[in-house]
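Below: one structure, written as structure tokens.
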Amino acid sequence: MGLLSDPNRRRALISLLTRLNAPICGMPVDWLVKTMQARGLEVFTQRFSRTLPFPDENNERYIVEGTNVYGILRAPRAPRTEALVLSAPCSPGDDNNQAVGLLLGLAHYFRNQVFWAKDIIFLVNEHDLIGMQAWLEGYHHTNTTGMDWSPLQGRGGSIQAALSLELSSDVVTSLDIVLEGLNGQLPNLDLANLFYAFCQKIGVLCTIQGRIQRNDWDSVSGYSHAVQTMMLMVMKQASGRSWGDHGLFLRYHIEAATIKGINSFRQYKTDATTVGRLLEGMYRKLNNLLERLHQSYFFYLMPSLSHFVSIGYYMPAFGLLAVILLLRALDLWVQLATPPSRNEDGVADIEQSSTGVLSVLTPLVISHLTGAALYMLPVRFQEMAVEHFQVSETEAVVLTAIAVYTGGLALPHNTHRLISGEGTEQGWRVLKLVAVLYLAVLLGCTALINFSLGFILALTLVPVASFVTPHVPKLLSAVVLVILSPAFTLLFSVFIFQELQEMPVSFQDGWMLYLSVISQGILDHYLYGSLVYPLIALMVYPCWLLFWNILFWK
């Protein structure tokens, strides 16, 4: 298999790549072009640049400039209308040089085979997701994020499937498959099944969420292990971020996954040649596809690679929560339809029966204006915050978001009285009916797009919608509402996620991680089009504010 089967040549290739790929020099574009051309590929480059809305302190970057290098292996016996992609991110340093070396070895081996019916595109993208976003936009002639990139000079056919490779060592103990993509999208389950089948055939230890599959499903410990694995997938999917380069392919209806090599202290070891055999087998199977992957599920949760929970099993759990909202709305409708009480003279109490349109409309408008401020002000006012406070741009964005979120609690529940006077008993019922129906529709639409996010929001917001009235104890209810608010739900999720990963953190470290998650969520929206931040700011938070209004209704 050429470079793939000769470990000495492969090590020499990776050693040269490591020397060239220094942190100062960046990705060795010219060397990659010459190396791919030597393997008989049609090689092209794409330059791109992106100015972030505020600095990404996690990756220490603000203005990103880079070059993608890709080579196309043309299908020798096909009309070249379809293609497969194998990618490996390459950034300054040597974190993923093993993956790039294996990609070049596979390109050399694939070039000598004559059975390919689809173009094979070997892509080395710089700056991880940003480079991948630029390449995908150039390949599909779209520009949804405002990134500057040069047009692609060479294209293959319509991309059917893609795999992204991440290897930190030439010897790994297991291969982990990453499925969660942008906005909670998942590839067709057949892609995960294909990976698992070849791992079993070749004898490679495979994991999902970094966890080894257990066989004692009937035991308490085995069941707990499966539940924790599935909860990790729920948390990752709910975040809406792409957990690998593959996640951006899913936006273009391309089935993709990331295969990540894990090197731990386990005695089981797998070398790069075995990993190459696995990838070759997967691409040969994908090469034989006559149509896109669609036979299996697109909506699923996986407690292990050999088991899955389909949408037909987990959606009823969400449906039970949604039914609570519908029953509460029906109860409010019946109360509103009940004839108003009459006084001793037999005259209806007009004050109690008058709802006052402004008393209901005003909280709706103010709540959504607060949500719009939460969405727009943090990025727009970062320069002003930096001038007045000794903070960085990233800290200014996060602290402004927290300030707007907290300040919104003091505005809406007083505003309706400024316009329409004291609220009536019927008024808060009408407002709650609107809020409950709004929440039911919002959670239903969210669950159809990203079930995990919709389910987590339902677990916290449905109890709020059920019990809140102006007549419950104010202080205790206000504390409960704040604890079940979207901001605290995110905070709890950070700690739970760390516990599930068996990496618990202190409260101080958890708080810093919480602030980092907020900044990354905002960045993901502006860079890649993640919908979680605008969904929370423009819809979920205003909806929660309506229930906050009802609690302080007078």
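Cβ coordinates are placed from backbone N, Cα and C, and glycine is handled just like the others.
Quick caveat, the model's predicted, so the values are computed rather than measured.
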Quick one: sort out which of 69-90, 355-376 is the transmembrane segment according to TrEMBL. 355-376
Verify whether three or more Cβ pairs under 8 angstroms connect the transmembrane segment (313-334) with the transmembrane segment (533-553), leaving out any pair fewer than 6 apart in sequence. no
Remote residues contacting the transmembrane segment (475-497) - C-beta distance under 8 A, at least 6 residues beyond either end: 231-232, 235, 238, 402, 405, 409, 456-457, 460-461, 463-464, 467-468, 504-505, 510, 513-514, 517-518, 536, 540-541, 544, 547-548, 551
Beyond a gap of at least 6 residues from its ends, the CB atoms lying under 8 Å from the transmembrane segment (433-463) belong to 183-184, 233-235, 237-238, 240, 299, 301, 311, 314-315, 317-318, 321-322, 324-326, 328-329, 332-333, 336, 360, 364, 484-486, 489, 493, 531-532, 535, 539-540, 543-544, 546-547, 550
